[in-house]
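Structure record follows, encoded as structure tokens.
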Amino acid sequence: MLKYGTPFNFSRWIDEHAHLLKPPVGNQQVWQDSDFIVTVVGGPNHRTDYHDDPFEEFFYQLRGNAYLHLWIDGKRERVDLKEGDMFLLPPHVRHSPQRPEAGSACLVIERQRPAGVVDGFEWYCDACGHLVHRVEVQLKSIVDDLPPLFDAFYASDTLRRCAHCGHMHPGKAT
């Protein structure tokens, strides 16, 4: 028997996991314990953080539309992902996926992180653009590792206040 099973109908898999591809879960990993983190992420989903991935990330917008806010050279840029689009994001490009459409689905493929290689999560000031907070983590599980980091940032006025201009980051997207 093959470790990851035999081929399966991916559209049917998405339909069967649709209840996990919307808030509050929003994503589902296709295979466990592989060399790749293969995830389907659904909408609606709005994020206020920017991910600093040490490796490339592959996006394939299967259903609906989404976009990525990118933080490049001190300013925010936008990359649209229309249904059917694929995109390869280079390593260390800060990005914040935005999935405003209910029922949307995006295949995201990332490399597993070797020991000692960390991911960064950053929040920027809406008023002046300076970095408000950065946290690094040895990412083992997207589902288990990220919520405590995000909750700590959202719960702390100290972490959310911009040291440069004093503006308060609004916290969690609504």
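Note: Cβ is positioned from N, Cα and C throughout, glycine not excepted.
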**Of the candidates GLU16, GLU57, the one that Swiss-Prot places in the substrate site of ARG99, GLU110** = GLU57
**Item:** Neighbouring binding-site residues, C-alpha within 10 angstroms of ARG99 (substrate binding site) - of ARG47, HIS51, CYS125, CYS128, CYS162, CYS165
**Value:** ARG47
**Request:** Given the binding-site residues ARG47, HIS51, CYS162, CYS165, state which is nearest to GLU110 (substrate binding site) when distance is taken between Cα atoms.
**Result:** HIS51
**Prompt:** Which of the binding-site residues CYS125, CYS128, CYS162 has its Cα nearest to the Cα of HIS51 (Fe cation 1 binding site)?
**Reply:** CYS125
**Request:** Count the other Cβ atoms sitting within 10 Å of the Cβ of HIS95 (Fe cation 1 binding site), across every protein chain shown.
**Result:** 23
**Request:** Between the Cα atoms of ARG47 (O2 binding site) and CYS165 (Fe cation 2 binding site), find the distance and write it as a whole number of Å.
**Result:** 22
**Request:** Provide, as an integer number of angstrom, the distance between the C-alpha atoms of HIS95 (Fe cation 1 binding site) and CYS128 (Fe cation 2 binding site).
**Result:** 18
